Amino acid sequence: MRIDVVSIFPEFFDVLEVSLLGKARGRGILDIRVHDLRAHTHDRHRTVDDTPYGGGAGMVMKPEPWGDVLDEVATDAASRPIFVFPSPAGERFTQATARELSSAPHLVFGCGRYEGIDERVFAYAATLGDVRLVSLGDYVLNGGEVAAMAMIEAIGRLVPGVVGNPESLVEESHEDGLLEYPSYTKPASWRGYDVPEILRSGDHGKVAQWRRGQQLERTRERRPDLLPD
Ligand code: 6GU
């Protein structure tokens, strides 16, 4: 999978060189390219923002540098990309979104700052590929970078070959619509806390039943919104 990222803070994405995604890049499974939006400005101050038409607080990202960089990343790719613009005004990003996007051959993340990106950029991007405005949740970050990073990790780990044991992707929170069951490892007793006896019983049927019950109980307690009424 190819992933292009456009940002005025390309150094935010240096961490994509470490851990699981860093290894996947090294092995050529993920081709991640980070672009500095300011490289696509033409004035001495490398201006990327301006005051909003209609007035109001804050600044808006100018369309011209975005147009140039989107042309560049879209034209040297084999297929039409999906453009993902992280935005608190977007649709909600979920595990289903991550799964859907993990099968795309080419994603382009456009990270906005300030009050947002000139709306015409989204209309223009739609002529080059699909466009998605996507939000992590109902709170506000200073820009799209941290959100893009979270989405890239959630999507990237679902790309075949990135996570060594694909079975570890199956039994985790949100894959079956419930929160994950609690996990324990050795020692069996630690500082007075014991591992539930049933997990040490060797009865796989009982273990599976207990885990299912734990999933339901935790989901009811912490995330009742995930359960059907
Ligand atoms: Cl995707 N962007 C920003 N700036 N803030 C957010 C967000 C995204 N998701 C939640 N808050």
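Keep in mind that glycine also has a Cβ here, set from the backbone N, Cα and C atoms.
Now, the feature entries from TrEMBL:
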type	residues	note
DOMAIN	1-227	domain 'tRNA methyltransferase TRMD/TRM10-type'
BINDING	Gly112, Leu136, Gly137, Asp138, Tyr139, Val140, Leu141	S-adenosyl-L-methionine binding site
REGION	209-229	region 'Disordered'
COMPBIAS	214-229	compositional bias 'Basic and acidic residues'
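For the binding-site residues shown (Leu136, Val140, Leu141), fewest C-beta neighbours within 10 angstroms: Val140. Ligand 1 lies under 6 Å from the Cβ of Gly137, out of the binding-site residues Gly112, Gly137, Asp138.
Of all the binding-site residues given, namely Gly112, Gly137, the one with the smallest number of surrounding CB atoms inside 10 A is Gly137. According to DSSP, the region 'Disordered' (209-229) comprises 17 helix, 0 strand, 4 coil. Between the farthest pair of Cα atoms in the S-adenosyl-L-methionine binding residues (Gly112, Leu136, Gly137, Asp138, Tyr139, Val140, Leu141), the distance is 17 Å. On the 0 to 100 pLDDT scale, the model's mean across the domain 'tRNA methyltransferase TRMD/TRM10-type' (1-227) is 96. The Cβ of Asp138 (S-adenosyl-L-methionine binding site) lies under 8 Å from the Cβ of Pro88, each on the same chain and at least six residues away in sequence. Within 10 Å of the Cβ of Tyr139 (S-adenosyl-L-methionine binding site) there are 7 other Cβ atoms, across all protein chains.
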